[in-house]
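Engineer: Could you have a look at this structure, given as structure tokens, before my questions?
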Amino acid sequence: MKPSERICAALDFPTFAAAEPFARAVAPEVGLLKVGLELFAAEGPAAVRAAARLGRPVFLDLKLHDIPNTVEGAARSAAASGAALLTVHAAGGAEMVKAAVRGAGPGVRVLAVTVLTSLDAAALDAVGLAGPPEAAVVRLARLAVGAGAGGIVCSPHEVAAVRAAVGPGPLLVVPGVRPAGAAKGDQARVATPAEAVRAGADVIVVGRPLRDAPDPAAAARAIAAGL
């Protein structure tokens, strides 16, 4: 995998019209484009189709978490939109993950989100998950891969432990990535792009450091050069 192919640019914009100049600028420099909740809530499957027309696979980051039947139907609809990857919450349980895989079909890789990168140990304890984040992440990763998930989403702090737990097959996608010197924002468990890849990340998700850069394409090239 070329360094640039490891970068997923997040289209964190309220509309595709707002996202399009950025998406067109970075698409030649990255491997994937991510449509998240904000953009999907505004424009639905049309946002996925528009992003896909730029020639990169689309990562639809909806973090589905509901009863298995509902998630299966939602995954089927996501597949019809043209998404190549789709996220669900591993905490929804093995049956929900299995349902997502059934609904998505063979053309879409289902990724299971473990613990959000905005949560630290204190935040996890407050919702009843005592102990270090790594323990919860590894437990959820094993559950999801056992249920058929094709990949795991985890922070750079846990990616090495997840790789050791699930083996070489699943795709490991890592948000919470910030170039050296960049602001953490609302992320609690972060690392630089190079640190994440060295730890075992296959794909790094980069949002604000690209979106807010004066020259997003140049920023993407700089990240790729450091991998």
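A Cβ is built for glycine as well, from the same backbone N, Cα and C atoms used for every other residue.
From Swiss-Prot, here are the annotated features:
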type     : residues                                             : note
ACT_SITE : Lys63                                                : active site, proton donor
BINDING  : Asp12, Lys34, 61-70, Thr117, Arg178, Gln187, 207-208 : substrate binding site
Engineer: Based on DSSP, name the secondary structure state of the residue listed as 'active site, proton donor': helix, strand or coil.
Structural biologist: strand
Engineer: State the Cα to Cα distance, in Å, between Gly207 (substrate binding site) and Lys63 (active site, proton donor), rounded to an integer.
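Structural biologist: Cα-Cα distance, Gly207 (substrate binding site) to Lys63 (active site, proton donor): 17 Å.
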Engineer: For His65 (substrate binding site), what residues in its own chain, 6 or more apart in sequence, show a Cβ-Cβ distance under 8 Å?
Structural biologist: Val71, Val88, His89, Ala91, Gly92, Met96
Engineer: Check each residue in the chain of Asp12 (substrate binding site) that is at least six apart in sequence and keep those whose C-beta is under 8 Å from its C-beta; list them in sequence order.
Structural biologist: Gly36, Glu38, Leu39, Gly207, Arg208, Arg211
Engineer: Using Cβ-Cβ distances, find the residues under 8 Å from Pro68 (substrate binding site) that belong to the same chain and are at least 6 apart in sequence, listing them in sequence order.
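Structural biologist: Sequence-distant Cβ neighbours: Glu95, Met96, Lys98, Ala99.
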Engineer: Could you round the CA separation between Lys63 (active site, proton donor) and Thr117 (substrate binding site) to a whole angstrom and send it over?
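Structural biologist: The Cα atom of Lys63 (active site, proton donor) is 13 Å away from the Cα atom of Thr117 (substrate binding site).
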Engineer: Rank the recorded positions Lys63, Gly207 by the number of other Cβ atoms within 10 Å of each Cβ and report the first-ranked residue.
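Structural biologist: When each Cβ's neighbours within 10 Å are tallied, Gly207 tops the list.
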Engineer: Using a Cβ cut-off under 8 Å and a sequence separation of 6 or more, which residues in the same chain sit near Leu62 (substrate binding site)?
Structural biologist: Gly36, Leu37, Phe40, Ala74, Ala78, Leu86, Thr87, Val88
Engineer: Near the Cβ of Thr117 (substrate binding site), how many other Cβ atoms are there if near means within 10 Å?
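Structural biologist: Here the count is 25.
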Engineer: Going by DSSP, is Asp12 (substrate binding site) sitting in a helix, a strand, or coil?
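Structural biologist: Reduced to three states, the DSSP call for Asp12 (substrate binding site) is coil.
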